[in-house]
Every structure is written in structure tokens, then in C-alpha cells.
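**Student:** Below you'll find the structure I mean.
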Amino acid sequence: MENTNLRTKTLRDGTTAEELFSQDGLSFNDFIILPGFIDFDSSKVNVSGQFTKNILLHLPLVSSPMDTVTESSMARAMALMGGIGVIHNNCTVEQQARMVRSVKLYRNGFIMKPKSVSPDVPVSTIRNIKSEKGISGILVTEGGKYDGKLLGIVCTKDIDFVKDASAPVSQYMTRRENMTVERYPIKLEEAMDVLNRSRHGYLPVLNDKDEVVCLCSRRDAVRARDYPNSSLDRNGHLLCAAATSTREADKGRVAALSEAGIDVLVLDSSQGNTIYQVSFIRWVKKTYPHLEVVAGNVVTQDQAKNLIDAGADSLRIGMGSGSICITQEVLACGRPQATAIYKVARYAASRGVPCVADGGLRNVGDVCKALAVGANVAMLGSMIAGTSETPGEYFFKDGMRLKGYRGMGSIDAMLQGRESGKRYLSENETLQVAQGVAGAVLDKGSVLKLLAYIHKGLQQSAQDIGEVSFDAIREKVYEGQVLFNRRTLTAQSEGAVHSLHHYERKLFASKL
């Protein structure tokens with residue numbers, strides 16, 4: 001019997017998504033996905049997903065723009081692993097732009113305007129550049145121009161023991177004839193391969209006049225080897241997103257972020273269906289057409305329609321479902337997350353707009369369900385809070401190593417910066433109503449290991465469902481081929497750990 005016949009479901013044993021979400025508002029724990037037929041290894045599963053219309057992520061995960069989750073360290077880690085980080089905006093414009101630049105420069109790919117000096121520059125200048133900008137390899141060119149004729153290169157190791165700081169770098173540089181160079185044009189992968197085979201730290205790429213076109217570094221080649229699925233722009237830099245509010249004053253923030261090099265602008269609002277956001281989307285798409293715009297948050301199709309009509313490239317779905325969010329409790333407004341994702345994402349898909357599941361995700365199973373019922377990628381907050389890459393310091397309480405984690409609608413966050421209040425349209429109010437809480441979470445170690453665990457978990461989830469990608473799963477969900485079951489409270493209890501005196505829970509183990 002052929003595998004295609006084994007994969008066909010001839011008995012209707014389960015509930016379709018359309019039936020499942022036809023009435024009640026459901027969260028992830030309220031249903032389970034029924035298994036399919038397996039004829040492939042889990043390593044063959046492609047978990048990639050569209051973050052925006054033009055940006056595909058190898059790992060369909062995005063870190064939330066919260067001031068206790070995503071700054072430059074988290075954004076770098078997310079992009080290295082194939083996802084993307086959204087740097088929060090509860091800070092000054094200058095601080096946010098500086099964090100964006102830190103991410104964009106972490107892996108350079110082709111350095112299009114490499115730092116260069118003239119041959120008569122003193123050694124002291126090179127040392128100052130190293131201490132101020134962290135650059136350890138500087139080209140020496142005619143006139144000191146970044147696109148001038150190459151004369152040599154001076155590295156930190158060349159001048160470590162030079163006592164005369166006034167001596168010209170020409171005395172200590174590695175000369176052009178002793179350098180490995182390549183001719184333009186060359187593909188980034190080819191340039192990295194040359195660096196791997198050479199024993200030099202840098203590879204200048206020159207035109208036929210021996211003038212510098214760009215530069216590649218060994219450090220970037222190592223990072224390319226260690227993180228082959230990194231999210232990169234066309235120049236080989238890490239992808240980076242940043243959040244902003246949608247008031248008139250925020251146009252200056254967008255200008256600074258665009259100059260810093262962001263790839264995606266995330267409009268941060270708990271309720272995105274406003275005249276402010278509609279107008280802001282139109283302005284951004286007209287003024288900065290190269291920027292991808294993620295709009296939201298939304299939980300209904302009508303909300304989604306207005307933002308898509310305005311020009312949104314992606315939508316964030318979720319209102320009041322996060323672990324530190326109390327919007328539904330305080331304001332009686334929102335929607336259960338699984339239902340919101342299914343309803344909004346199905347409409348958005350008909351318009352060619354991808355969606356981000358934002359909130360309510362507690363484990364790999366929840367992420368799998370969110371992706372299965374419509375989301376293209378998942379935004380993580382509490383799941384990655386407490387990792388070493390998040391902002392803040394660890395502290396101990398009752399013998400546990402903890403890190404602070406708070407909602408952007410908490411009083412603590414709104415008092416720290418006015419931008420957090422803008423998210424909830426309350427920055428100018430004398431009395432601010434909290435829509436979030438502040439708390440702490442356990443130390444989770446490095447997010448790099450946690451993301452690898454989530455990636456493998458998603459692959460195994462898709463394998464059990466019987467499909468080789470989440471695109472295929474969503475297609476089968478919409479066709480009624482992937483089926484579900486509602487879960488009673490006792491069924492949920494049965495599916496959790498039970499009937500044990502005690503147990504130890506470890507999420508994953510690495511085999512060396």
C-alpha cells in the first residue's frame with residue numbers, strides 16, 4: 001500500500017477547526033490536535049514562517065518588545081537562531097537607536113564602508129579607534145578613504161607592544177602584497193569560504209583599480225558557521241525590529257530607527273484599531289517604503305481589515321492573554337487567544353498578510369497550536385523571560401534565582417517611561433489604570449539553548465500531526481483534514497503530570 005493512501009483520512013474521527021471555533025471562545029488548553037500518519041523523520045520538518053510579507057524566518061519566533069525581555073542581547077540571539085527580536089521603546093530614542101545599531105553591526109557580512117586611515121596616522125589614533133568603537137582591524141588606504149586604494153591593514157596585535165604612540169601606522173601595517181584579497185563582485189558565501197581557507201582575520205574585496213569595495217572579517221565567518229540559519233538582510237547583517245507608538249511625536253523616533261538600520265517597525269498598541277495607527281501606517285509606508293510594518297494588536301476581523309487596508313505588512317494578534325496582562329480582567333475587553341488567532345489569521349491569509357500570535361503561550365505545545373490554527377510566527381514574552389539575554393539583574397528569593405518580568409501596562413513600566421503609557425493610550429492621564437502586573441520568573445539559562453529546544457519540539461509536534469511543515473498543517477486545517485478534540489477539565493488534568501508522589505521536570509537534555 002502506498003504511503004499516500006495511508007496518509008488519507010477516510011474516517012471522520014474528530015472535529016474540524018471551523019466547527020471547533022464556531023461558538024465558544026477557546027484558549028490553547030481547551031483543545032488538542034489529533035495525530036496523523038508519520039512517514040518521515042522529525043528533522044525533515046520545516047518550521048519556517050512569514051513574519052511579514054517580505055521577511056521569512058527560519059525559526060518562527062519573535063521576542064516581545066518588553067523592557068524586561070528584548071534589548072540588544074536578546075535581539076542578537078533571536079536573529080542568530082533564525083528568529084527576530086523587537087527592541088522595546090520604553091526608553092529614549094537615542095538608547096533604542098543605539099541598541100538597533102549594536103544588533104546590525106554584530107554580524108557584518110560585507111562591511112560596505114570599512115573604517116580606514118591614511119598611512120601617516122599615528123599609532124595612538126588606532127588605539128583610540130579600538131577603545132571607542134571596538135574595531136580591531138583597520139584598513140590603510142590612500143587618503144584614508146574607505147573606498148581608496150588599498151595599501152595595507154593594521155590590527156591590534158600589530159601595535160600591542162609599540163612604545164612610540166606617535167609612530168605612523170605604515171611602519172607596522174601588513175602591506176598589500178602580503179594580504180589575501182578578492183575581486184569584486186563576489187558572493188558572501190564565497191568570501192566567507194576564502195576566509196575559512198586563509199589564516200587571515202580580514203578579507204578586503206577590491207575593484208580592478210585596487211580600490212576597496214567592502215571588507216569581510218573572520219569573526220563573521222565563524223558566526224556564519226556556528227549559526228547557519230541566522231536571519232540576515234541582503235548585506236549579511238542580522239535582522240532587527242523595533243517598536244514604536246503611533247503619536248505625532250513618534251515620527252522622529254521612526255526616522256532615527258530607520259537611520260540606525262531597522263528592518264521591521266512594530267506598532268506597539270494594546271488596541272490597534274485606532275485612527276492614530278491607521279494614519280501612522282499610511283505615513284510610514286509613504287515616507288519609509290522599505291520598512292516592513294507590523295500592526296496591531298487585534299483580535300477581530302474588523303480590526304484586522306482596517307489595518308490591512310491602511311497598508312500593514314503583518315498583524316499581531318492578542319489582547320489581554322499574556323501572563324502579566326490584566327486587560328481582560330480590568331477592562332472586560334479582549335478575546336480568548338486561540339479563537340482570536342483562528343478568526344483573524346484566516347481572514348488575513350485571504351488578504352495575503354501573515355500574522356503573529358502574541359500572548360498566552362506557555363510551552364511548546366501552545367506555540368504549535370497557535371501555528372496550526374493560523375499564526376505564521378509566535379511572539380514570546382514569558383517563555384523567554386528570565387534567560388540570561390534579557391535585561392536586568394538576577395536576584396535570590398527563598399533560595400531561587402530569579403529575574404524581574406513585568407507587563408508594559410504595569411504601573412512600574414508606565415512610571416519608568418511615557419512610551420509604555422502610549423501603548424495603552426494613557427500617557428497624559430493623571431490617573432493611570434494598570435493593564436499589567438510586575439513579577440519575577442525563574443532563571444532559564446541562555447535563550448540560545450531554549451530556542452533550540454523549542455525548534456526541536458515544533459519539529460516533533462508537526463511530525464506527530466503528520467505534516468512536514470506548518471504551512472502544510474494550516475492548509476490541512478482549513479481543508480478540514482487536520483482534526484481536533486475539545487478537552488474537558490478532567491481531560492486537561494489527564495494530559496498533565498498526575499498520580500505521582502513527586503517528580504522532577506527537565507525540559508530537554510543535550511547529547512554531546
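Backbone N, Cα and C atoms are what each Cβ position is placed from, and that goes for glycine too.
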**Student:** According to Swiss-Prot, Ser323, Asp358, Gly359, Gly360, Gly381, Ser382, Tyr405, Arg406, Gly407, Met408, Gly409 bind IMP; so which of Gln301, Gln303, Gln435 is the extra one listed there?
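**Tutor:** The record-listed residue among the candidates is Gln435.
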**Student:** Which binding-site residues are spatial neighbours of Cys325 (active site, thioimidate intermediate) here, meaning Cα within 10 Å, out of Gly359, Gly381, Gly407?
**Tutor:** Gly359, Gly407
**Student:** Just to confirm: which same-chain residues, 6+ apart in sequence, have a Cβ under 8 Å from the Cβ of Tyr405 (IMP binding site)?
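**Tutor:** The list for Tyr405 (IMP binding site) reads Thr68, Val69, Ile324, Gly381, Ser382, Ala385, Gly386, Thr390, Ala438, Gly439, Ala440, Val441, given in order along the sequence.
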